[in-house]
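Before any comments, here is the structure.
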Amino acid sequence: MKNKVLLCINTLKSGASILGNDVKVYLETKYFVEVVLIDVGRPLFSFPKENFLFLITLGGDGTVLLAVNLLLENENIDIPIISINMGNVGFLADIKIEDFKKVIDRFFNNSLVINKKFLLHVTVSQHGKDLISKYALNDIIIRSSVLNKMIYVDLMVNSESFLSYKSDGIIVSTPTGSTGYSFSAGGPILEADLEGFXLTPISPHSVYNRSFVFSKLSKLSISFSKEYFIAAASIFLDGINFGSFGVDVVFEFKISSQSLNFVSFCTDTFVKRLKNKLL
């Protein structure tokens, strides 16, 4: 039986199909592996329940997040992730197109450098019963299911009552996700290897409107204030809507003991990459 490689491409990206074929041919002819191709730019109805040597993504950071969601949903998170950038910013997809052969060669020569990226875990419970238990690489967002409605939430840290927010939503982000939506909402940028996570309100209408950074040992609990009523709130994990919930639910956040294995090929420091991509 041949070894298999999972190749996730976003055909909505110009040139992705052509590059995908080049990668596929290179793997099949030089290393005699079977390439399983998935187009994350189109609806996916099934995920191959197989073991893969590694995952390659062709696209931007959005493509990486879609592919990661597939891995997380199918509990297949141990394989190395090679993310080739066809987008703009490229914090997650940071391998240049012209380097894809070198990276593949390094895998088969056992000379890859792996960066562990923390996962954020959330549990949504109602009356003590867990409704969902999910992981995110970038961020988890809670916002009203009704357009133009604010949410009123109470925050607890390690089972201790802390403060309340009135805002358009709440972003809980990992260091990986701190350069995305959280940053746009005024949140802090966390160094990639920092063992912690951040909470940032979206357009807060509260007297206290600042973000917080918590250690990996902290556990956050968010519930809806009993003083104000909203019909429902939605939760988004890495941009994907995982449903709406009534106001009697509790959201619990913590850094997971599990992580994802991203292949590193960039020699730039975090500060240099940040300067080049954001500033």
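From the backbone N, Cα and C atoms, a Cβ is placed for every residue, glycine too.
Features of the protein shown, as given by Swiss-Prot:
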BINDING   D61, G62, N138, D139, K149, K166, D168, T179, G180, Y181, S182, F183, S184  NAD(+) binding site
ACT_SITE  D61  active site, proton acceptor
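Taken residue by residue with DSSP, D168 (NAD(+) binding site) is part of neither helix nor strand, so it is coil. Least packed by the Cβ count within 10 Å, out of the binding-site residues D61, D168, is D168.
Long-range neighbours of N138 (NAD(+) binding site) (same chain, six or more residues apart, CB within less than 8 Å of its CB): L65, S173, T174, T176, G177, G180, Y181, D238, G239. Every protein chain shown contributes to the tally, and the Cβ of S184 (NAD(+) binding site) ends up with 11 other Cβ atoms within 10 Å. The full span of the recorded NAD(+) binding residues, D61, G62, N138, D139, K149, K166, D168, T179, G180, Y181, S182, F183, S184, taken as their largest Cα to Cα distance, is 30 Å. Classification of S184 (NAD(+) binding site) by DSSP places it within a helix. DSSP assigns D61 (NAD(+) binding site) to a helix in the three-state reduction. Within 10 Å of the Cβ of K149 (NAD(+) binding site) there are 13 other Cβ atoms, across all protein chains. When the neighbouring Cβ atoms lying within 10 Å are counted for each of the binding-site residues (G180, S182), the highest count belongs to S182.
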